[in-house]
Amino acid sequence: MSEHVLVVNSGSSSIKYQLVDVGTGESVAGGLVERIGEGGDGTLRHDGPSGRTDRTQPVPDHDAGVRAVLDLFAEVGPSLTEVGLVAVGHRVVQGGDRFTEPVLVDDAVEAAIEELSPLAPLHNPPNLAGIRAARHAFPELPHVAVFDTAFHHTLPAAARTYAIDRDVAREHGIRRYGFHGTSHAYVSRRTAELLGKATDEVNLIVAHLGNGASITAVRGGESVETSMGLTPLEGLVMGTRSGDVDPAVIFHLQRVAGMSTDEIDTLLNRRSGMIGMAGVNDMRDVHDAVAAGDADARLALDVYCHRLKHYVGAYYAQLGHVDAVVFTAGVGENDDIVRELALAGLERLGIVVDPERNAGRKKTETVISPDGAEVTVLVVPTNEELEIAQQAVALVG
Ligand code: ADP
């Protein structure tokens, strides 16, 4: 019987899960519980071997959410007792300085994740709620926490340090941590395999462009620069986040516009990026608006690609030599226009995109640079669930 891991990604009002067969790398079942603790009924969706099941029922908290998921597995399959579940893998966003690799969850680890919550107030508390609920449901199984920040623990001091007062920085843990680490790790390893090289032999620029977006410079398999910082707000333009702004924008909005800290937090995290500039956060809607002649959408797309190119150039300079530029996640995998615009005009760096190879959505790993190009440009679909499952199995043996 091959080993299976239940991968859980728990948000403030949602639980996403996948049952991964680590032997084949396939997801055998998965689903989503939404509207947890929002008053009305929660919604559940479960995809298994026998098709899709949708349901609405009260889901007052994460415990109830996990119980509802277990009921679905029991009723429509596959049976968790029969598949040979070896671990539950949990995505945790912020591991701080403490967690540089996956860990087996015990009460002390739970407490440490809670202590790190001030650094990730939107993410760590719901991640922890999911862990607690799953530990209640599966007390006999090992639970492994896999941290978004862990892959970036190799950032050199010069890359992770903000140029602010060192005592303030140390006291409050103010530094660049980086996120999307499981995706950057998975995509880096797959890219090395596709290039026919060992992971520690390749220098890569990996652009994870989903609703959240970050870009990482990888030297010899290790993250040496990444665009997200203390929180996932810094760096690239995203669906609803601004990415880089002059920090003085915040003081200005406080002093001149009279906005509160919470209002500015909401503005920059939820009402900026593509939705702020174009009025829609999904890149497909942005392209539709551009095609209809919407000047704001055109500008938003230009800002998005301009920022992306800016980082590609900066990371090329940091790495000195680049073997490949890799696109992944929703926009990176599906959006040929963004891939083309972001890398246009970089021929002198050896970066060229072949229009025919680039055209269309990429469901599988695809080279989009011409044969013989100095830098290989690829699309590598990410698989964070598989990465979490593999890391969990590696830890529990
Ligand atoms: P996340 O995991 O961050 O929620 P995903 O990696 O699933 O996000 O990416 C979702 C985003 O991918 C959508 O918001 C949308 O902008 C983009 N996307 C999905 N499909 C397409 C497509 N066909 N063309 C362009 N962008 C797409």
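Yeah, the Cβs are placed from backbone N, Cα and C, and that goes for glycine too.
Taken verbatim from TrEMBL:
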- LYS16, HIS208, LEU209, GLY210, ASN211, GLY212, ASP282, MET283, ARG284, GLY330, VAL331, GLY332, GLU333, ASN334: ATP binding site (BINDING)
- ARG91: substrate binding site (BINDING)
- 35-62: region 'Disordered' (REGION)
- HIS180: site 'Transition state stabilizer' (SITE)
- ARG241: site 'Transition state stabilizer' (SITE)
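Structure with TrEMBL features highlighted.
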| residue | record | Cβ contacts under 8 Å, 6 or more apart |
| --- | --- | --- |
| LYS16 | ATP binding site | VAL8, ASN9, SER10, GLY30, GLY31, LEU32 |
| ARG91 | substrate binding site | VAL7, VAL8, ASN9, SER10, ASN127, VAL146, ASP148, THR182, GLU384, ILE388 |
| HIS180 | site 'Transition state stabilizer' | ASP148, HIS208, GLY212, SER214, THR216, MET228, PRO232 |
| LEU209 | ATP binding site | LEU236, LEU308, PHE327, THR328, ALA329, GLY330, VAL331, GLY332, ASP335, VAL338 |
| ASN211 | ATP binding site | MET238, GLY239, THR240, ASN281, GLY330 |
| ARG241 | site 'Transition state stabilizer' | GLY212, PRO232, LEU233, LEU268, ASN269, ARG270, SER272, GLY273 |
| ASP282 | ATP binding site | GLY239, MET274 |
| ARG284 | ATP binding site | none |
| GLU333 | ATP binding site | PHE327, ARG361, LYS362, LYS363, VAL379, PRO381, THR382 |
Listed binding-site residues with Cβ under 6 Å from ligand 1, out of LYS16, ARG91, LEU209, GLU333: none
Helix, strand and coil residues within the region 'Disordered' (35-62) as assigned by DSSP: 1 helix, 14 strand, 13 coil
For ATP: widest Cα to Cα gap among LYS16, HIS208, LEU209, GLY210, ASN211, GLY212, ASP282, MET283, ARG284, GLY330, VAL331, GLY332, GLU333, ASN334 in Å: 23
Conformational class of LYS16 (ATP binding site) under the three-state DSSP mapping: strand
Coarse DSSP state, helix versus strand versus coil, of VAL331 (ATP binding site): helix
Collapsed DSSP category at ASP282 (ATP binding site): coil
Assigned element (helix, strand, coil) containing LEU209 (ATP binding site), judged by DSSP: strand
